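For reference, the structure discussed in these notes is given below.
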Amino acid sequence: MGVLSEGAVGNANGNEVGTTASFAGYMETRGVREARVLASELCRHMYTLGWFSGTGGSITIKVHDDSIPKPRQLVVISPSGVQKERMVPEDMYVLSSDGFILSTPPLKPYPHKPPKCTDCAPLFMKVYEMRDAGAVIHSHGMESCIVTMILPFSKEFRITHMEMIKGIKGHGYHDELVVPIIENTAHEAELVESLTEAITAYPKTTAVLVRNHGVYVWGDSWISAKTQAECYHYLFDAAIKLHQLGLDWSTPTHGPIRSINGIWGCNGTMSRGLKVGGLSLDDMIEPSQRCILLDIEGTTTPISFVTDVLFPYAHANVGKHLAATFDSEETQDDINLLRSQIQHDLEQGVVGAVPIPPDYVGKELVIASFVANVEAMIRADRNITALKQLQGHIWRTGFQSNELVGVVFDDVPEALERWHASGIKVLYLLSLFIYYFLSFASISCPIPL
């Protein structure tokens, strides 16, 4: 935004469009004076909170006037590059409801720079347009910056069961607060498009986080905006501190960080914490180590798929599989494991175990005896390596031939995509069949298995 010549009117891009003569009287009204005083007071106060340090951050307030509809009320905006702790009412810009600059601050002597309206102005005007707000605060508070770094690829900040959530419009203690996160850009004005998209996608939100930058917070009045901004910063700070303690801020219990959205997580080092981060505590793990250890049966896939589909398939195809692959190195390894297990079962008197004849009697008889033993093991639901390894190979063949098609719960693909986009690795837990299940199921596996 450019600096306008004395007595000129300009829009939010600094273009002169007329004179301020017709507005001179209104600029001196009580409403405008009070808005300027209030904005400067809030700048000084928010500087003490660490939100406006280093000349960063900004605030805008609508000039309240009962005779003018809110969408048409004038706008007071703080300048850019000014020591916020030394702000005075005369430092404030006044804009029309459609973004034309009606009043600019006076020039100050060296070492002060010429006045410049904040680069946040286009974003402020967009919030006014889309949310009919009465005030908007742009904070550079440290907590609003760091909280976006803990989950560096997440598009949302989520927290629940914190008392201060009640200070956010439309939320209660038990609600989940969701704040969209947009990516930072080199120039503030370039954020307008992504801010617009976030506000559209999250109609309930009264804030948008900017990664590695800060947060925009708005309300229907300056009191609402300020109150909510304080609550948001409290919640961001609480999340960071819970994270440092190895506690999960996103769950109702805020217990130890062991899961993400209800799925067990791990970092490969059980003596350390089990989620994301890198704030140098023993309870933390480095971002490169983040992962989820994911069970299959009953978590991603109905248990009935295993009991009603996979087990019957293996039972029905033992003979076919052994006959087709008998001479392969893999199947010979399976057979050797089975021989050892069957010999042990015979010695222990296990029901269903039958002797395996020598190879010279013919492959068909040998296979038939293996089938009899395997079917007995399946009926007894035995959890032994020889059986599980053979079942895994049979299921792999079934997936490869499309005789078996993987089944997952409806929310699984979306969850896997979300974790993958967040840089979270997914590991899978259970028996050997899962390797083949995930390799050939109708979902995309987020990491190589």
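Any Cβ shown, glycine's included, is placed from N, Cα and C.
Now, the feature entries from TrEMBL:
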- GLU163: active site, proton donor/acceptor (ACT_SITE)
- CYS120: substrate binding site (BINDING)
- HIS138, HIS140, HIS213: Zn(2+) binding site (BINDING)
- 37-240: domain 'Class II aldolase/adducin N-terminal' (DOMAIN)
- 426-447: transmembrane segment (TRANSMEM)
Would you mind listing, in sequence order, the residues at least six apart from CYS120 (substrate binding site) in the same chain with a Cβ closer than 8 Å to its Cβ? SER58, THR60, ILE77, HIS138, GLU188, TYR216
HIS213 (Zn(2+) binding site) has how many other Cβ neighbours within 10 Å of its own Cβ? 20
Quick tally, other C-beta within 10 angstroms, HIS138, HIS140; top of the binding-site residues is HIS138
Other than HIS138, HIS140, HIS213 themselves, what residues in this chain have Cβ atoms within 8 Å of the centroid of the Zn(2+) site's Cβ atoms? GLY56, GLY57, SER139, GLY141, SER144, CYS145, VAL210, GLY214, VAL215, TYR216
Counting across all protein chains, other CB atoms within 10 angstroms of the CB of GLU163 (active site, proton donor/acceptor) number 11
Can you give me the Cα-Cα distance between HIS213 (Zn(2+) binding site) and GLU163 (active site, proton donor/acceptor) in Å, rounded to a whole number? 26
